[in-house]
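Features as listed in TrEMBL:
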- 1-21: signal peptide (SIGNAL)
- 33-352: domain 'Glycoside hydrolase 35 catalytic' (DOMAIN)
- E180: active site, proton donor (ACT_SITE)
- E263: active site, nucleophile (ACT_SITE)
- 397-501: domain 'Beta-galactosidase 1-like first all-beta' (DOMAIN)
- 533-588: domain 'Beta-galactosidase galactose-binding' (DOMAIN)
Amino acid sequence: MYIKILFILIFNLIIYLKSYAKEFSIDYNTHEFKLDGRPFRYISGEVHYFRIPHTYWRDRLRKIRSSGLNAIQVYIPWNYHETVRWRYNFTEKYDVVEFLKIAQEEDLFVLLRPGPYICAEWENGGLPWWLTKDKTIKLRSSDKKYLNAVGKWWNILMNKIKPQLYKNGGNILMIQIENEYGSFSACDKEYLRYLRDVTWKILGKDVVLYTTDGASDGMVKCGSVEGVLPTVDFGVVKNKSKMIEYFEVQKKYSNGGPLVNSEFYSGWFTGWGQRKWDFPSTKSILKTMTWMWNYNSSFSIYMMAGGTSFEYWNGKVFDGTYITTSYDYNAPIHEDGDIGNTYLAIQKWTSKLKNWPWKPKFDVKNITRKGYGKIKVTPIKYSTNLMMENCVPRWAPLTFDEFNVPYGFLIYSVNIDESYLKNISIPGIKDIGYVSINNEYIGKINTTSNFLNVTYKGDFTIQIVTENMGRQNYETIHDIKGILENKAYFNNKTSNHWQSCYLTIQIIDKHFSRKGNTKFPKNDKVIGPTILLGTLNISDIYDTYVVLNGFTKGVVVINGNNLGRYWNTMGPQQSLYVPSSFLKKGSNRIVIFELEGNDLCNYNDECFINFSKDSIWNWEEK
């Protein structure tokens, strides 16, 4: 009798616990997702915590939820958290778990994209720079050395995010392995199986995994793997039949899984030198969204919230285009958090969806910005000797990898055994070199234009400030930076008398407080690599933009925060976003490292920068 009662109690307990168990799965018979046993769809928005100031994470996430979306999709860049090998950073702005928890508090599910390769127009596609040091490693493949590095990172990362899985009471529904792998030349299925299996080993085989590829047969074929849901990506389409054509590619490989567009493009990234404003209209975005919704698909808007590639995190694509510091992407939520017409249209659209419980909230407010106006900056007499530390003499120039440094600048000094210098050629330069002779700026060279005619007699020292503009993010290669293989020629001869020095933002920033810095002599020009210093005095703190009229190319640091690169002569971006968290009441120190020069400073004998309420772009067409 007692055994029978005990059995009934245990049975009822199992039923009770099962009824409250959290579960996310795929029903391949009904072609749909199931959330706790019920049919489920998501409308997601891509957002990058690593491009948004830590203090604004909640603001952006709340705005995404208020638009009527029920999920976010987010990458995790490996190199952001393990810039130095075996040193993992998950604090403050690197605390991805905190970001996921805030998303849960804001009633958002998560589709997590940990890579290990992410693309995202991010430096080296998210792969750590130190992986490129070993030229024998085959990236994004089943190469044992590569998998060993991935495995160690995966073990750290997956165990951190494991409590945030939906089944564990968190908000992560699915995890993507790799990223658009079908666009990569390797097509290494063993590698994809490794990622699948190691993820399941740590998180459990009941966790739903997915891949994302361009909507072509060849891409999905190479980018998909057994047991993992293949999804596709595409942007605005002109007609419904094109959308159906794309989803048919997914159907071919999904074994009856639900339809998903994992990257529905609301805009596109911008490269330095781009002149045409060419983004989809709000009307076309909403039309394609309606078609996808009526076709019973889930989708993620890429990007839903724009951001900024602060410091040196912007990447480079295969055609040589360098990505701008701004990653606004023409997203519904802009780089600075402002909402635009597309956002309002999405709100209205989701409010009218039938059987959609995640209704929008219409109390969204923009963040106040302020233009602080014009301030003076003072150029400091340029000398590479002031900025050089951690120098290494050697018979050949060291690359960034050989110097064991990731980003920024290397300064090369070279002495040559010639009494008369006629020309300089550096075909091994990656990416841009700014050449001075005896501290006099001569000109710049790059990978496509690497020759300078000069006329110098007597004793001279050549200095080359070499800029790493960002490692290629697509297609991933061993993108070594610096002067490669001693391919530097002076009067068509090489030299074996080199000194290589690493230049950090910290070194530049120290110049602000260092005594003895002198202003340029009156007749000197602000030309070539130059440090400029200034102070912004404020009594209230708001977001703002810094505008550097007359400046050419360089980086700006405020209170030790690197705002990223400006490149005014290339455009179209003409301002840099300054979040309020980078500022303080009172005195704010500003350091500018200008690489080429400022004609306005030379003409007026004074240099100024401006703090504007609005961003500035110089598109030629719109």
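A Cβ is built for glycine as well, from the same backbone N, Cα and C atoms used for every other residue.
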Problem - Mean of pLDDT values spanning the domain 'Beta-galactosidase galactose-binding' (533-588) - result: 97
Practice task
Please work out the helix, strand and coil residue numbers for the domain 'Beta-galactosidase galactose-binding' (533-588) from the DSSP assignment.
Solution key: 3 helix, 32 strand, 21 coil
Completion exercise
Here the 10 Å Cβ neighbour count for E180 (active site, proton donor) comes out at 20
Handout entry: the residue listed as 'active site, nucleophile' and E180 (active site, proton donor), distance between Cα atoms, whole Å
Key = 11
Exercise for the section: Write out the long-range same-chain contacts of E263 (active site, nucleophile), meaning residues 6 or more apart in sequence whose Cβ is under 8 Å from its Cβ. Expected result: E46, T212, D233, F234, S300, Y302
Fill in the blank from the handout: For the domain 'Beta-galactosidase 1-like first all-beta' (397-501), the DSSP residue counts stand at 4 helix, 54 strand, 47 coil
